[in-house]
2 protein chains.
Amino acid sequence: MSNVRYHYDVIVIGAGHAGTEAAAASARLGARTALLTTNLDTVGQMSCNPAIGGVAKGQIVREVDALGGLMGQAIDATGIQFRLLNVRKGPAMHSPRAQADKRGYQQHIKLAIESQAGLDLRQETVDDLITVEETDPDAIERGVRHRVVGVKVRGDAEYLAPTVVLTTGTFLQAIMHTGMSTTAGGRAGEGTTQGISGALGRLGFEIDRFKTGTPPRLNAKTIDFAALDVQPGDAVPNPFSFMSGKLDVQQMPCHLTYTNENVHQLIRDNLDRAPMYSGRIESRGPRYCPSIEDKIVRFADKSEHQLFLEPEGRQTHEVYVNGISTSLPRDVQDQMFPLIAGCEKAQIMRYGYAVEYDFCPPTQLWPHLETKTVAGLFFAGQINGTTGYEEAAGQGLIAGLNAARLVAGQSTWVPSRDQAYIGVLVDDLVTAGTDEPYRMFTSRAEFRLLLRQDNADRRLTPIANELGLIDSPRRQRFDDKKKQIEHAMDLLKKIRVDGTPGDVYLRRSEVDWDVMRGVAPELSAIDDEAAQQCLYDIKYEGYITRQKADVEKQRRHADKKIPASFDYLSIDALRIEAKEKLNRVRPVSLDQAKRISGITPADLALVLAHLENRS
Amino acid sequence: MSNVRYHYDVIVIGAGHAGTEAAAASARLGARTALLTTNLDTVGQMSCNPAIGGVAKGQIVREVDALGGLMGQAIDATGIQFRLLNVRKGPAMHSPRAQADKRGYQQHIKLAIESQAGLDLRQETVDDLITVEETDPDAIERGVRHRVVGVKVRGDAEYLAPTVVLTTGTFLQAIMHTGMSTTAGGRAGEGTTQGISGALGRLGFEIDRFKTGTPPRLNAKTIDFAALDVQPGDAVPNPFSFMSGKLDVQQMPCHLTYTNENVHQLIRDNLDRAPMYSGRIESRGPRYCPSIEDKIVRFADKSEHQLFLEPEGRQTHEVYVNGISTSLPRDVQDQMFPLIAGCEKAQIMRYGYAVEYDFCPPTQLWPHLETKTVAGLFFAGQINGTTGYEEAAGQGLIAGLNAARLVAGQSTWVPSRDQAYIGVLVDDLVTAGTDEPYRMFTSRAEFRLLLRQDNADRRLTPIANELGLIDSPRRQRFDDKKKQIEHAMDLLKKIRVDGTPGDVYLRRSEVDWDVMRGVAPELSAIDDEAAQQCLYDIKYEGYITRQKADVEKQRRHADKKIPASFDYLSIDALRIEAKEKLNRVRPVSLDQAKRISGITPADLALVLAHLENRS
Ligand SMILES: Cc1cc2nc3c(=O)[nH]c(=O)nc-3n(C[C@H](O)[C@H](O)[C@H](O)COP(=O)(O)OP(=O)(O)OC[C@H]3O[C@@H](n4cnc5c(N)ncnc54)[C@H](O)[C@@H]3O)c2cc1C
Ligand SMILES: Cc1cc2nc3c(=O)[nH]c(=O)nc-3n(C[C@H](O)[C@H](O)[C@H](O)COP(=O)(O)OP(=O)(O)OC[C@H]3O[C@@H](n4cnc5c(N)ncnc54)[C@H](O)[C@@H]3O)c2cc1C
């Protein structure tokens, strides 16, 4: 037993994207919180791509922000290029994405953590979990076997708390691969942690292995950008945080290049030396973030793949090559770039590698991310089999807030699938689990039109306010916006255009806000944010109602039979993953389909719609 | 044998303060240079105090800058508080020092390296040195046994080059201590390297062990600064680089606090748990950067010790507690701060620790820092038994430039003791070695008045120009300054004050430049830099001449006998280290005194002067 003990309400292990949000949320709720992490210089570090957001992920960031989290303000303060993706599609698909100044982002998150009252950030390596046998008969009845009481850290000390949130990312028993060479470690240049995996095994958790990869980094000074297409940021950058006003930012361009037949041939010739294909790595990687060797095998007919050259920050010439994640041996990486336009003389600064790591299948968790068998122990982030900073942040926030609520004797809170992508995320994880690194997609959500990036605050900030997650400036700002929207709606209902009420007139497809303002100048006083909300509320009212009805129907039709001949592949809107899985399992009923790992309510809604079309 | 090989002229291992200067100097000289380091995120990282310069160290930074090095411009760009120390003493003692934004400094150095043409910065861990037996009879005659041909890196690849500069700092077989707890690693949160120590042993190098320590870091939000004295920066910040114009910088204050009897008692009560006193660490630490436990034992009569609370940067609340480096167990560190004014509620973010590491006694080197027994292999920085960023940078520059010159078939160049502190540094190291971590002091230099911080460019930039180390903007700037000085000197000689030539008049003790300008308005056109140089050249001419004569005399008097009764302790100006050593050994002659490890020509000059006084 150690002679040094520290007492907290909530202990968070690991200050990555999950851990920082977990700790901040817990402390905001008034729980005395310790955030313990191996190296204070890597708090909030981006292990891989220097970007936040993207399709469906951007929505999560907006939700994290609406709930008072850190990620949105951090990227707004340190972004170097902002783009709203899918602007030509409907608003449900609009997704903010930004390139970050990687180091600046990391420093911003660290400073936010250091500034949070009630939160102690300490450089500590956690070596073990401390648990006791569960004795409460009610808990045992629910399947609980142990109860966490704290953690042991290196240097013979203990942190004691009734709740512990584990967010160690890719660091559990991690092995990095570059070709046939392997090194222990969760991120190049750093170590691995074994003690915790041992503890998880001892506590009876099922542990599985996944892999992920990262591309090489090049020195910008050695790239011929003149030969390449430029991808600039949006003229008017869209902020992630509902607290950010207009962003005043000098944006940096990205550049585009492509692989080609020569590159593909080189890779094909060396596939036997790729750890994945040589059988050295058997664990599964992220299907939607495939390595270049995966892409070349899986999409054998494609003659080129797009590569984005993304600057890693303002203070560095390092360039992230998005699209060419690889664990091929270094000599293949060396030979690859001379074949790629603009990169003929590119100098590799860091080689790409793959990392294999332990994760705990998330079906072992309650929706609020507490483990089912160890009371008080929460898991969040990549340890749950997800991938991505945003997915980690969303889970972190949920775990942190529920850990704090548990300590305070309050009930758990988790957003539902129609409230937030974060709700979809935790529901998918804990009900269906995942057999490959899970990332968010809009197609995983059946209430896409409700879960827009633009209305995340309207969906979640009032709840966050009740939970005590937000501060008064945010409350004030939200209330002001709400009043503006109500005022605008009133105005719209009052005014008449050709005798038609404004809100009815606005439904017409050819009428947008500019048109409205032209015919009703009194609308000019309405600010853009409020105008946008009115516009979407009115324009999409019908769709939203229908979407809700569809899912209701699906719930009712759970026992609906699926004919053996049913052709999943012909359902265009169905995710590739869902197509493959349904086609393989060929479930006899919707109910059976629902229980297939990775099949979401959104997939079921599509299948049901097609079943009904057939009949 | 590896299937992947890269070819370079110069390979530098480790991108700390020595390695970055070495690589930059080598590349500036046109050698194809590779800088290999474990983690690209720690290039130029400050392991310990967030400050550059200080007494004698500041002079080294000015010299590194005058030779075209990186350190001066980096700290000018990222300093948060600038002070010229010892301004009330003579100009030989003036020493610039600045607090750095630690992360900003690190990023600045990395960017400078990334921007240097001919220099490839690569994330690689070096596992072994590749050498061959030396066969050249001339070389064997000189004692050379092996010849370096390259290095092996993790991941089965080789970098081949005729010269290798090893600058791995505290990472060789490093062990960190906090109380009785030990962890392998050269810097908290990072690993250690064993392969290289193995190689050095195999090659027959003598390896010894030193230790150093670092203090805890606190969270500024938990410090009561209002209770403490403020230490602001200078009203007009003095730049380090001869290339920086006036610095436009928002300075941050430091704060002062003190230990007290209660703290001392706490430490005394726990001395048996300090690794140094419990016998767990046997290696020696830096006498002039002692741990707090050392101070309390060695200066038992002092009732307090000063502590500086130094911010680690603009983007963080971490505070470095200068003066309380410790390897005491964490519970003692926990109990210490509640006893210290202003820190009663201070939150420790990182604990202090000591690190023990391998170094190679530097008497195994030639003055140009090539090893005597392995041709082409250079050592620079902490691996040579020194301590301090500046000492590392100075050595790095010397090693890098000579490695490049060796490859180009050119003769070596090393500044002499009357040219630079860097000359004193390498001469002290290779002739006398060091039996404790070596840091620079003004007292180590016998030509202090020549080696002023203000004239480092006049001493070294012309040579740097000949060597090819500097670029044309620096050449231009230097030439302009030189012309200004010559012009000012001409003017001074021409003008008459009360019939006396200006340069003679200026010698008077009551006359300074302001007075001169009052009586000779034509001097107003002379800029401050040139005016200062004229002033010092004229004012101190006599002293400088005398100083040179003293050292000449000392050379002639090498066989001078020292009476057994000679009282070293009574020589006030003698460094404590020299007093202790001379008193212990009691040499019979100056010549014997000279051979005592750690005794410098400057010490000998003082002893000689007192010997002559006696007789
Ligand atoms: C090589 C690589 C490639 C990736 N590629 C992509 C990609 O292309 N796209 C994408 O979206 N995502 C990618 N990811 C995933 C993304 O980095 C993670 O999903 C995200 O960082 C997970 O956040 P997290 O908080 O769960 O873990 P992390 O951000 O990894 O944070 C874990 C933290 O725990 C700390 N820690 C570990 N062990 C201990 C211990 N014992 N005690 C104390 N602290 C500890 C670590 O120091 C770290 O700070 C990649 C990750 C890696 C490593
Ligand atoms: C805990 C601690 C306390 C200190 N306290 C003080 C102090 O109070 N005052 C003071 O002046 N100085 C202090 N120092 C010393 C100061 O940090 C060093 O003198 C200075 O950093 C030495 O510079 P360097 O370039 O020799 O080594 P470092 O700056 O340590 O750089 C070594 C580099 O080599 C890399 N490396 C190591 N092994 C390998 C490998 N196998 N392959 C590739 N790269 C490798 C490392 O990653 C690192 O980048 C302290 C150091 C430490 C660690």
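Just so you know, glycine gets a Cβ as well, placed from its N, Cα and C.
Curation does not apply to TrEMBL; its annotations are automatic.
Secondary structure at A:Val126 (FAD binding site), taken from DSSP and collapsed to helix, strand or coil, is strand. The FAD binding site annotation in TrEMBL covers A:Gly14, A:Ala15, A:Gly16, A:His17, A:Ala18, A:Gly19, A:Val126, A:Thr193, A:Gln382.
Taken from TrEMBL, the feature NAD(+) binding site applies to A:285-299. Under DSSP, A:Cys289 (NAD(+) binding site) is assigned to coil, being neither helix nor strand in the three-state scheme.
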Using Cα coordinates, what distance in whole Å links A:Ala18 (FAD binding site) and A:Cys289 (NAD(+) binding site)?
20
Distance-selected binding-site residues near ligand 1 (C-beta under 6 Å), from A:Gly14, A:Gly285, A:Gln382:
A:Gly14, A:Gln382
Taking every protein chain in this structure into account, which of the binding-site residues A:Ala18, A:Cys289, A:Val297 has the most other Cβ atoms within 10 Å of its Cβ?
A:Ala18
Inter-residue C-alpha distance, A:Phe299 (NAD(+) binding site) and A:Gly14 (FAD binding site) (nearest angstrom):
37
Where does A:Lys295 (NAD(+) binding site) sit by DSSP, helix, strand or coil?
helix
In three-state terms from DSSP, label A:Gly16 (FAD binding site) for me.
coil
Round to the nearest Å and give the CA-to-CA distance linking A:Gly16 (FAD binding site) with A:Val297 (NAD(+) binding site).
33
Restricting to the binding-site residues A:Gly14, A:Val126, A:Gln382, which ones have a CA within 10 Å of the CA of A:Arg287 (NAD(+) binding site)?
none
Ten-angstrom check, please: count other Cβ atoms within 10 Å of the Cβ of A:Arg287 (NAD(+) binding site), all chains counted.
18
Around A:Ser291 (NAD(+) binding site), how many other CB atoms lie within 10 A of its CB?
26
Quick one, of the binding-site residues A:Gly14, A:Gly16, A:Gly285, which Cβ has the fewest other Cβ within 10 Å?
A:Gly285
